[in-house]
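Quick one: the structure is below, and I'll ask about it shortly.
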Amino acid sequence: MIDDIKETKECQLKDPMDLFHSGQLVKICAPMVRYSKLAFRTLVRKYSCDLCYTPMIVAADFVRSAKARDSEFTTNKGDHPLIVQFAAKEAQVLCDAARIICPFADGIDLNCGCPQRWAISEGYGACLINKPELVKDMVRHVRSQIDNPKFSVSIKIRIHEDLKRTVDLCQKAEAAGVSWITVHGRSIEERHQPVHYDAIKIIKQSMSIPVVANGDIKSLKDAENVHHLTEADGIMVARGLLANPAMFAGYEETPFQCIQDWVDIALEHGTPFTCFHHHLMYMMERITSKQEKKVFNVLSSTSAVLDYLNDHYGL
């Protein structure tokens with residue numbers, strides 16, 4: 001929706017690096033397909049989230065198509081600091097996407113971690129961890145072509161079985177001028193296996209730039225434990241925030257006020273019903289009985305959901 005947000009140029013874009021220099025643990029909402037859009041980012045920012053990512057956007061489509069830009073990217077004056085994550089495999093395409101987005105966001109992130117087959121078959125995502133020279137080239141190109149020195153360029157990676165290769169990748173990216181690196185502590189093949197927090201610690205100790213830890217963090221206590229284990233500068237959360245958007249504010253489960261806030265924000269933003277409903281299903285997972293879930297999860301309209309919340313919870 002770039003044409004609709006020209007006024008964002010007037011707003012105060014922020015330097016995400018200031019967060020990492022604050023001395024506080026930086027709490028980050030991960031890029032999530034379908035879910036980390038403007039309405040949800042607005043919600044988690046109300047509950048102590050410091051930095052938000054957009055869902056992954058394919059840079060080539062974004063550059064080529066105004067329709068793709070309109071459907072994939074929406075922001076507003078309060079949506080900062082904001083990182084736009086791109087899938088890319090060519091340096092100039094990533095630069096072109098970064099130039100388009102630069103007036104409206106505080107940085108870009110190159111996805112080097114998505115393990116989905118379609119992404120890897122297209123040359124995107126996690127396959128890039130095996131192409132350190134290409135990653136280095138992409139980072140360097142963006143750095144040289146974006147005039148704003150406060151505009152961040154980060155990467156999000158998975159780890160190799162041989163951790164020396166991951167450290168080499170990270171050091172090459174650092175030499176090219178990357179702002180920080182987010183490490184999901186699993187290999188490409190691993191899905192639900194335990195996260196290798198020890199690997200994240202080794203990477204952190206090998207770098208002089210900020211490192212963000214990602215993987216299986218479901219509460220503020222988990223975040224603090226992972227911070228302690230890895231010495232990471234930031235913690236990125238995906239599913240934990242879907243289940244409890246207020247977790248960074250210290251809530252053990254989603255408070256009713258947060259559910260009310262989501263209803264208000266989603267209606268204000270015109271959030272499509274499926275997305276509106278799915279977020280509520282995640283948020284209410286821990287606070288509803290099996291019987292309630294059976295009823296709530298098959299509701300098929302916004303008005304039916306609003307009636308249900310009013311009748312059962314007085315929302």
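Using N, Cα and C of the backbone, Cβ positions are placed for all residues, glycine too.
Found this in TrEMBL, in case it helps:
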| type | residues | note |
| --- | --- | --- |
| DOMAIN | 29-292 | domain 'DUS-like FMN-binding' |
| BINDING | Pro31, Met32, Val33, Gln85, His184, Ala238, Arg239 | FMN binding site |
| ACT_SITE | Cys114 | active site, proton donor |
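Walk me through where these features lie, including what they touch and how far apart they are.
Within the same chain, residues at least 6 positions away in sequence whose Cβ sits under 8 Å from that of Arg239 (FMN binding site) are Lys218.
If you draw a 10 Å sphere around the CB of Cys114 (active site, proton donor), it holds 22 other CB atoms from the protein chains shown.
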Give me the count of other Cβ atoms within 10 A of the Cβ belonging to His184 (FMN binding site).
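Summing over all protein chains shown, His184 (FMN binding site) has 26 other Cβ atoms within 10 Å.
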Within its own chain, what residues at least 6 apart in sequence put their Cβ under 8 Å from the Cβ of Val33 (FMN binding site), listed in sequence order?
Pro55, Met56
Could you state the CA-to-CA distance between Met32 (FMN binding site) and Cys114 (active site, proton donor) to the nearest Å?
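With the alpha carbons as reference points, the distance is 11 Å.
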Counting only residues 6+ apart in the same chain, whose Cβ is under 8 Å from the Cβ of Pro31 (FMN binding site)?
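In sequence order, the residues whose Cβ lies under 8 Å from that of Pro31 (FMN binding site) (at least 6 apart) are Tyr53, Thr54, Pro55, Met56, Gln85, Asp109, Asn111, Lys156.
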Across the record's FMN-binding residues Pro31, Met32, Val33, Gln85, His184, Ala238, Arg239, the largest CA-CA distance in angstrom?
17
Who sits close to Ala238 (FMN binding site): which same-chain residues at least 6 apart have their Cβ under 8 Å from its Cβ?
Ala30, Met32, Asn214
To the nearest Å, how far is the Cα of His184 (FMN binding site) from the Cα of Cys114 (active site, proton donor)?
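One finds 10 Å between the Cα atoms of these residues.
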